[in-house]
Amino acid sequence: MSITYKDEAGIAGMRTACRLASEVLDYLTPLIQPGVTTLEIDRLAAEYMKQQGTVSATIGYQPSGYPPYPGHLCTSVNHVVCHGIPNEKPLKKGDILNVDVTVIKDGWFGDNSRMFMIGGEAACSVQARRLTQVTYEAMWKGIVMVRPGIRLGDIGHAIQTFAEGNGFSVVREFCGHGIGQRFHEDPQVLHYGRPGTLEELKPGMTFTIEPMINAGKRDIKEMGDGWTIVTRDRSLSAQWEHTVLVTETGYEVLTLSAGSLPAPAFVTPAPALA
Ligand code: MF3
Ligand code: CO
Ligand code: CO
């Protein structure tokens, strides 16, 4: 597989798919409350996607060696790192939840995820809040690096330095990825690394930045369902994800919509909305 560079038509397709993926999270936000199950969230998302005219990229997704993924989205609670499968267990006050949504619109894929603090910030531990915040900022430390001429190692290094500097660890087994008319394309976008190494960025590349940051050690393990990834030490894990475009001069975050969280204060100037 090789990197695909999007032309104006491709960029337009990506802008639309990515905005719609973000709007699924906007729609879900007020519904994510204590007592709701992640399976209910999945069902509500499926209905909303139908209304939007999008299709979930995750349902039935089956990379080689995996069973087909059964959800319209991923729901990863507390020590679940990623790929949590929606289930019947009600969310409770103080849980932290990642919801990861990937939709397909007119053949183009948009991929994004956000964290939710169940019962509100005040219901969550200081550690959970700090992990969620640091992970959001870590994603943006990577995003602000993006421009033609830098290398993927610069992005990974920025994220790793920030996360580890805050006393947390970076999961290494999963990474961001090129995205376009396929879900997972080249390149792999590692969330750790050395400056000046790996692929050079060029205009027209679209890829995700989606750091998984653990409160404890970086080690993970896979559960028996073939998908769910948890921290080996059962420490909390957080993740945020945006899909970005490399422009002639910098970056454009594609997975933005009315409900997107503002960029952190260190992001200047604010990125242009599509
Ligand atoms: N959306 C995830 C990502 O960011 C991938 C989920 S694959 C699934 O790459 F099958 F677990 F849904
Ligand atoms: Co992704
Ligand atoms: Co995703």
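Here, residue 1 is simply the first one shown, and the rest follow in order.
Yeah, the Cβs are placed from backbone N, Cα and C, and that goes for glycine too.
TrEMBL annotates Asp111, Glu210, Glu241 as divalent metal cation 2-binding residues; of His79, His83, His177, the candidate listed for that same site is His177.
Divalent metal cation 1 binds Asp111, Glu241 as TrEMBL records it, and from the list Asp100, Asp233 the residue named for this site is Asp100. Between the CA atoms of His184 (substrate binding site) and Glu210 (divalent metal cation 2 binding site) there is a gap of 13 Å.
Checking the binding-site residues His83, Asp111, His184, Glu210 against ligand 2 with a 6 Å cutoff on the Cβ atom leaves Asp111, Glu210, in sequence order.
Residues belonging to the domain 'Peptidase M24' (13-248) score a mean pLDDT of 98 in the model. The Cα of Glu241 (divalent metal cation 1 binding site) lies closest to that of Glu210, out of the binding-site residues His83, His177, Glu210.
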